[in-house]
Amino acid sequence: MILCSMGMTSSWLISFLCITTGRVKRKHAGLITRGWYARHILPIGCLGAASLGFGNYVYLYLSVSFIQMLKSAVPAVTMAVMYAAGLERLHGTTLTGVAVVTIGTFIAAYGEVKCSAIGVLMMMTSAFAEAIRMAFYQYVLGNLKFDLMEGLYVTAPASLAFLGLGIVTLELIQFVRERGWEIIAAAPHYFLVAAFMGFGANILTLGVIKATSGLTYKVMGQAKNAAVILLAVILFGNPVTAVQLIGYAMSLFGFFIYQRGKMQQDAEEAEKEN
């Protein structure tokens, strides 16, 4: 969480400078009241910290392969949450694509399983927290049409506050005991680069959600993982089993099905509007 907070801090500082210097105009300043912020933005910070915290601590209870198997359900969970929130419309082809991605990732991660009820509960809590956070992001960026920098300016402080709470609760004692600041002081340039890369990751995440949807972002994440592993096998000869290869290929195929379904869905909606 400490490392993640560095990226969020740089995100807030850069967006703050862009807003205060007039480089980016706040188009929704009149919309934001204390009540609106508490209802729409604070949950993003709380859910983000919860997803990160539970997602990290689950490694104490479950094997890596089993965690990846559980993570394969994230696009399906996200689709269910988006549909329940009225932010996604079910379409046969996109539904098939999500199912194929989920099954493919599950197959690719199949292996030695170290199971724990507490670990499974943590992983599912992390998945639902992330799915609901995506729904809030999509509402703010897509439905309310916040610009990327303005969206980051509004959401970063809430995310940073809850990350700080998580750090104080879960990591600060160990950080002080192990004199973690000495590691940062020994190579500050690495952490500075990580902070700016965190800003890049955050702004690109908002851009993908705004341009597409939170569901597309999660499906792309699964497909990206499969593509990276397949490229590593092709370019560097990294070992992979036949079952894993089939699973990763299925994930990529599922992503193409999903993208085709989204194109069909967009065309159908455009035709209805005309």
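Each position is counted from 1, following the chain as shown.
Just so it is clear, glycine is given a Cβ too, placed from its N, Cα and C backbone atoms.
TrEMBL: automatically predicted annotations, no manual curation.
The domain 'Sugar phosphate transporter' annotation in TrEMBL covers 3-258. If you look up TrEMBL, you'll see 42-62, 92-111, 118-140, 152-176, 188-209, 229-258 marked as transmembrane segment.
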Leading contact stretch, 42-62, 118-140, 152-176, 188-209, 229-258 vs the transmembrane segment (92-111) - CB distance under 8 Å: 229-258
Result, the transmembrane segment (229-258) in contact with the transmembrane segment (152-176) (3+ CB pairs under 8 Å): no
Leading stretch by Cβ pairs under 8 Å, where the reference is the transmembrane segment (188-209) and the options are 42-62, 118-140, 229-258: 118-140
For the transmembrane segment (118-140), distant same-chain residues with Cβ under 8 A (at least six beyond the ends): 40-41, 43-44, 47-48, 50-55, 57-58, 60-62, 66-67, 70-71, 73-74, 77-78, 80-82, 85, 87, 146, 151, 154-155, 206, 209, 213-215, 217-218
